[in-house]
């Protein structure tokens with residue numbers, strides 16, 4: 001019995017080759033050598049280091065002025081600020097309570113405030129571990145000595161909670177304006193103190209020990225009137241401070257200069273890069289090159305060519321546009337890095353919808369979390385009387401919506417970092433030796449950029465020393481722009497072209513010469529022969 005005839009191609013696997021790989025075209029990263037790229041990476045790291053020093057030693061991004069006095073039953077502030085310009089970017093006022101404790105000298109091991117003692121020494125009622133204040137303000141704005149508008153608001157029975165062992169109560173912003181279209185503001189603030197009606201101190205069993213009788217007698221047995229009302233106010237215990245913050249004009253000018261420099265660089269690179277690619281059909285472009293084109297374009301928008309107009313013609317429209325573009329850029333920036341590493345595992349294979357759909361869906365969710373949170377904060381800031389949280393270090397939030405949006409965005413970013421780590425790990429295990437060099441270059445640049453951005457974000461949002469410095473803008477802005485330029489350099493179209501083939505009259509001569517050299521075993525006549 002004869003076996004049925006089978007075509008040998010029946011059992012062959014159909015492998016689709018990426019169209020961009022069928023042409024004799026390379027990217028710069030495919031043709032460069034180790035020494036060249038090491039120099040580029042060293043320059044990249046050096047630029048990030050220099051940007052950190054520039055941000056650290058340049059003018060602060062925010063000017064802060066404090067107006068303080070002892071806390072009384074009624075505290076009144078009249079604050080005038082002049083010479084304001086649109087380049088101040090914003091103006092805000094917040095109130096903060098600071099413990100001074102002139103009547104009590106206690107070391108760190110005996111942490112004490114009239115509202116919270118360490119659990120080792122004293123128990124306390126959480127419901128009463130706060131100070132209740134009523135805040136009323138009236139702001140009058142003038143331009144060229146002409147009154148243009150007023151704003152006023154009252155906040156009743158607002159509770160200030162103790163913020164740790166530094167005896168500083170969380171500051172709360174009661175006024176903020178992001179459009180400075182006036183040159184003078186007169187702020188009148190009235191702060192009313194509402195005394196608690198019940199004792200806030202309750203003894204713990206620790207003070208029932210015989211050895212602690214003296215401490216018990218001096219502190220714990222003092223009732224509310226003895227402790228808080230001895231002078232009919234809190235003057236000996238607390239200061240109330242109005243903190244005024246406004247953007248530094250010099251920092252704004254520096255921002256404009258840095259943005260314009262990178263806008264011109266990115267625009268020139270974008271046009272030149274596109275002109276080098278357009279001579280070839282789009283289907284022959286490498287995947288990395290297809291992704292780099294929109295990355296360059298979005299980066300130009302992110303650098304904000306309209307930033308200067310925000311100060312010549314202040315408008316909330318620019319703020320909304322900036323929030324949208326920043327969200328688009330940050331999302332595509334992360335998408336680009338994910339695809340970059342996953343594409344290394346698809347060498348010589350055509351990527352399909354299964355390659356992109358999971359990433360696109362996830363990045364869309366990441367984009368939504370970012371843009372909704374950003375737009376919400378921006379729109380909320382339009383209301384100058386909106387009570388805001390001054391910083392992220394507090395343990396409680398007023399705005400539950402903002403809190404949920406912040407948590408959702410943080411969770412999405414954490415998931416992205418997990419996906420990125422998995423992609424890098426898989427790529428390191430699966431790429432072959434021909435792609436190993438690209439993997440190393442991508443890893444060094446991408447991991448560095450993400451780490452720098454994360455560290456700068458943490459320092460400027462959670463470390464008080466860096467809060468008002470220019471480090472956040474300078475380092476993050478230069479890091480993102482430099483990374484984009486580095487990726488453009490790696491993906492630059494690189495083709496080896498022999499000019500002899502461009503001239504038809506030389507092609508036949510060139511072909512004859514190559515044929516003769518192929519069959520001729522004798523050395524060329526121009527090779528020097530040793531003398532006999």
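One is the number of the first residue shown, and numbering goes on along the chain from there.
Cβ coordinates come from backbone N, Cα and C, glycine included.
Unlike curated entries, TrEMBL annotations are predicted automatically.
Feature annotation from TrEMBL assigns transmembrane segment to 38-63 (among others). Residues 245-248, 250-251, 254, 441, 444-445, 448, 452, 467-475, 478-479, 482, 486, 489 of the same chain, all 6+ positions outside the transmembrane segment (38-63), place their C-beta atoms under 8 angstroms from a C-beta of that stretch.
According to TrEMBL, the domain 'Wntless-like transmembrane' annotation covers 251-494.
Residues annotated as transmembrane segment in TrEMBL: 256-275 (among others).
Summarising the annotation, TrEMBL assigns transmembrane segment to 316-341 (among others).
Tertiary proximity for the transmembrane segment (353-376) is limited to same-chain residues at least six positions away from its ends with a CB under 8 Å from its CB atoms, namely 320, 323-324, 326-328, 330-332, 334-335, 338-339, 342, 346, 401-402, 405-406, 408-409, 412-413, 415-416, 419. TrEMBL lists 353-376 (among others) with the feature transmembrane segment.
The annotation transmembrane segment is assigned in TrEMBL to 403-427 (among others). Using a Cβ-Cβ cut-off under 8 Å and counting only residues 6 or more beyond its ends in the same chain, the transmembrane segment (403-427) has close neighbours at 334, 337-338, 341-342, 344-345, 362, 365-366, 369-370, 372-373, 376, 397, 439, 443, 447, 450.
As annotated by TrEMBL, transmembrane segment applies to 439-459 (among others). Counting only same-chain residues 6+ beyond the ends of the transmembrane segment (439-459), those with a CB under 8 A from a CB of the stretch are 29, 37, 41, 44-45, 48, 337, 340-341, 344, 417, 420, 424, 427-428, 431, 466, 471-472, 475-476, 479-480, 483, 486-487, 490.
Marked as transmembrane segment by TrEMBL: 471-490 (among others).
The compositional bias 'Basic and acidic residues' feature in TrEMBL is assigned to 504-515.
The region 'Disordered' annotation in TrEMBL covers 504-532.
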